[in-house]
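Here is the structure we will look at.
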């Protein structure tokens, strides 16, 4: 049977064996075509014999005789005699095909008879459906049934368009004896009355490998007792799996075929059998489908590090369709797990794959039905690309540090780091040394090696190392690690720096540190020995001597040396590693003058005449050089000339002959010069013997004159000459006639005296000119010396701050700079150099103006003299004793009230122009405006000229404009050509109007002036506004800047002067040299205005002269305007401000100069073993205010003790952020302080890490002060009382504050969490979005973070978030363990970054000083202070 016919089989057949009763009821029914009584033979009924069987049925007719035994029934019927045929042969009789769409009952008679009672064979009934092949019999009977007819029914249902044909088949058995007969076949057009039958059995379709279930539903009487089975077309029986009664006339039977395959595909039918017969269903087909499978593997379209793009190639398949699902199955070829994704498109992108990994990809196809998924298709084996490395090794450690090599260890570079199986690791390093020497290099290394050595490094040098991990797709650089190489022996002392200064018996040797110290110099060793001498008596073969100097002593005095002797010095430096190579120098001591015998008390005169005197000459002893000559000098005695004392004296260095002495008027002459060989032993010599000795004439002495006779010994070596002399005799005048020398040997004395006189006059004139020049140069040098010594004086002041003031008189007496090195060693050079060179330094880096005079512009009185800058600290401390009695006394000595006429200001028409009736302009110094036409009184404005430092009328002090004077104010600005306005008040203070707003926010017209605000720069303590000023009728646009200081409190004076000093410097830098006066005003134009002007003037004076004269400056200002500097508190504040400026100096560095300046700042001074950066930090510590107990009174209250982590790190009362939200009995105190940023006051809140009992207070602080950022700089550590104070997910309530975690992400060293918080006591205020930045890059045991770059990135991330939230107005909370060093460093760097953006300068000192003014423990360690500089440099280099 073909598949189509079998699938459409609609007939249900039921067969029942009846009892051998005659059919009674059937005759009453309606007959249909197909029945036959065989009276006229089978042909008449359209019955046919099968053409393909073995033999045929035989027709027995009642009208014809037959051969049958007599016991056979009478009548007409069809019969088969089995004895005539072989066993197994079959005869088939075919009924007509039935097509009616109806239910039929086929009723017939049959018998199987054998005379011997044997089995005649089998009667089968077959049904052919739609002319298909024959199936197995649907009913059969076999064996002997007797000679009586039996009746049977067959119930059949036919459904159009199907048809069926019933076939009676007689099969001969092995007995071959008997007869098989059928008769009286009736086809009824209604169901059988007693025959059970099956409903239509449907086809079953399953996928290969699944279970197939056929369900047969049977109806009829007693059907529940039937036996059931499923019969395959080939006869295989399958037992019933389950039966279920539907009702009393119907039941269902299930048949299950396990895990079918294609071989199980066939036709199946249900068979039921009871005591009355059997029932058989139609054939239903079991259809087995093969699940589909792709023929080709997927095709690769694209590849990346974490994805693969494929085309499924699922159109060509093996198996059966339709395809209802496509899936991609993939796995790592090195792994066992698989993952499957459903696909709805012809292409698919596999995401989240591992880089550089081989994957096997297959396609799965699914058809309908259970088990419809076929086997995976052929695999595509491919590999992803490499990805950029995840990071560099975190555990970069130094395994070994030597002087010239560093061994580096790092963690194993696993795939999770490299993201590629092919990668390179490079170590790059660079370093800077002195003398602008630097080196940078990169070394490739074995990736599998756990250690690498960097060689050829300089000793004791900070080497910056970083690791670079590279693969084909990218690279990752580690943060730089700075390692200092070990010390080594130092290099040689520079030859050029080695200098020796010779004396007769000592040598002063000085040198400089080796160019390559290779560490910290611990000492210098100098060995020396004599190698030759001009004095033969000096031994030169002795052993060398050795001396040692400390590291900071680069000079030495070698005493007790031999004159005229050359010494060889070998000097070498030492570190902890030992001595380096030596540097040699030869230095020769000066020769000494010969030593003459002592003539004191000895009469050397042997004989004396009127014209001669004979003396005893004794030989001298050479000292350092042999005697070159002996000389006899004759000095004429004059009555008015002081006699020389006997013994050692100034010798006569210039040899003068008798002739030259007579012609030149010299008081002495050389009578003789004797070679040393002429005086081996004492010998007499006659002075005046009229002989010549070595070119010197020894003339007879004049009898009437007295003479002193001197004996000189001279040594001379290599242009060095030393002379020793002694008076050995005196010859008195006699009464004998004067012996006139030979005229031939004389010259005209008159002519010579005249020449000498003229020369003397010329010399005197020249001397006067030189004196005038020197005096003028000294006056000009006065200012330079004052400026040059300022920094030295500042150093003394800073050092003095931590000393006791018990003996202030010794402060300068012990100044080591006041005693030179030569003085300490009793050196007396022949020509003293009185000029001193001082280091040039700046007190204030601002523009200066040249001036003619050098005197102070103020009259310094005897009772109030100017104070040296170096004495200022001592002076202020003295004045502050006894409750500042000194300041009180000084201030009260000022004249209070009106000191000059102010008639113009008092006029009625000007009264409205004065804010206060008692602070108005003096007539003599008032600013006179050019009158407006037709208004003669319009020349008045309440303003006075004030002289600056050596600049007349450099300032204009004025009141804060009132509404009536705004136009006058701008007239004054235009008339005076002022470029800067300084405003030292707020518009309203304590509810009172202090100044009318005289400027526009955009553009405003005041009379004939148009003022436009073009720029506004708000800063924490002041605002800079830039205006353009235009006047009707003038083709000119001027720029005017207003500097508005907002940091002056409503009462008193600023707590510190740092902000005001920065403000003053900014004004100085902004005021053009050619501009007119600086206009300064507060409210009245007296108190704060006076403070500003006095500080500005005194800072100029301190720089120019090294002194300050505050008292007389205030006095001078009060002569120009009434009550300038209005309170004693302001007067003291001026002193404190100038002291702070002098101590701190100018620390701002322009961006363009920062890198070079910074490297200079960190360079170690070999003399002091310190650096400028270290000194700056010490200065910062010295000027940091110390908090007293009364400053922190609220934090010290007993109820607040348990809210403080450390009782020595408390916030001052003036900086406390008091909590607003009420939380039961809890106080409004929290250990936190408000801090200014660069642009915004109180922008930072610095606090300690919340304690377990202050977590609720912390969240109250966040909400009450609108904090949109939380910066966390330490770790959660329960052992230190640092709990997790936030919810990791979901929502938690902390007192009245509800905190909900919205998201959490990580970026490098920062975990970012966004919280949404609300105040449950004030829900109408809505939510506040807060982002927490938890910084992970700062180990608890380190003073500074491990990476400059990551810390800078943190600051910039916070800054960006702040700009996005709350229109940039939200505050930032920064906390670390104690709310000090780490938090301060974050704030300081944030200020510096803003400073660079706004002003292009770097001023770390000012940033930290500003923070410490509020809380002294900001930036605690020198490492943190230097790190601020390092990050500033990192920011400049990266931007």
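Counting begins at 1 with the first residue displayed.
Glycine residues also receive a Cβ, built from the backbone N, Cα and C atoms like all the rest.
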Ask   = So which range, 731-752, 753-774, 775-796, 797-818, gets flagged transmembrane segment in Swiss-Prot?
value = 753-774
Message = Among 140, 826, which is the one flagged in Swiss-Prot as N-linked glycosylation site?
response = 140
Task = Would you mind telling me which one of 101, 833 Swiss-Prot calls N-linked glycosylation site?
result = 101
Request  = Would you mind telling me which one of 462, 1319 Swiss-Prot calls N-linked glycosylation site?
outcome  = 462
Task = Restricting to the topological domain 'Cytoplasmic' (775-1439), report the mean pLDDT as a whole number.
result = 86
Request  = With pairs restricted to those 6 or more apart in sequence, evaluate whether the domain 'Tyrosine-protein phosphatase 2' (1173-1435) and the domain 'Fibronectin type-III 3' (491-595) have 3+ C-beta pairs under 8 Å.
outcome  = no
Task = Round to the nearest Å and give the CA-to-CA distance linking residue 1082 (active site, phosphocysteine intermediate) with residue 586 (N-linked glycosylation site).
result = 71
Note = Taking only the CA atoms, the spacing between residue 424 (N-linked glycosylation site) and residue 416 (N-linked glycosylation site), expressed in whole angstrom, is 15
Task = Count the other Cβ atoms sitting within 10 Å of the Cβ of residue 690 (N-linked glycosylation site), across every protein chain shown.
result = 14
Query = Which value in Å gives the longest Cα to Cα span across the substrate site residues 1050, 1082, 1083, 1084, 1085, 1086, 1087, 1088, 1126 as recorded?
reply = 15
Remark   = Rounding to whole Å, the Cα atoms of residue 416 (N-linked glycosylation site) and residue 1050 (substrate binding site) are apart by 62
Query = Closest to residue 211 (N-linked glycosylation site): which of the recorded positions 1050, 1083, 1126, 1376, going by Cα position?
reply = 1376
Query = Reported as an integer number of Å, what is the Cα distance between residue 140 (N-linked glycosylation site) and residue 607 (N-linked glycosylation site)?
reply = 194
Ask   = What does DSSP give as the helix, strand and coil breakdown of the domain 'Fibronectin type-III 3' (491-595)?
value = 3 helix, 49 strand, 53 coil
DSSP-derived class (H/G/I helix, E/B strand, else coil) of residue 1126 (substrate binding site) = coil
Note = Taking DSSP helix as H, G and I and strand as E and B, the domain 'Fibronectin type-III 4' (597-680) has 10 helix, 27 strand, 47 coil
Ask   = Between residue 1376 (active site, phosphocysteine intermediate) and residue 552 (N-linked glycosylation site), what C-alpha distance do you get in Å?
value = 41
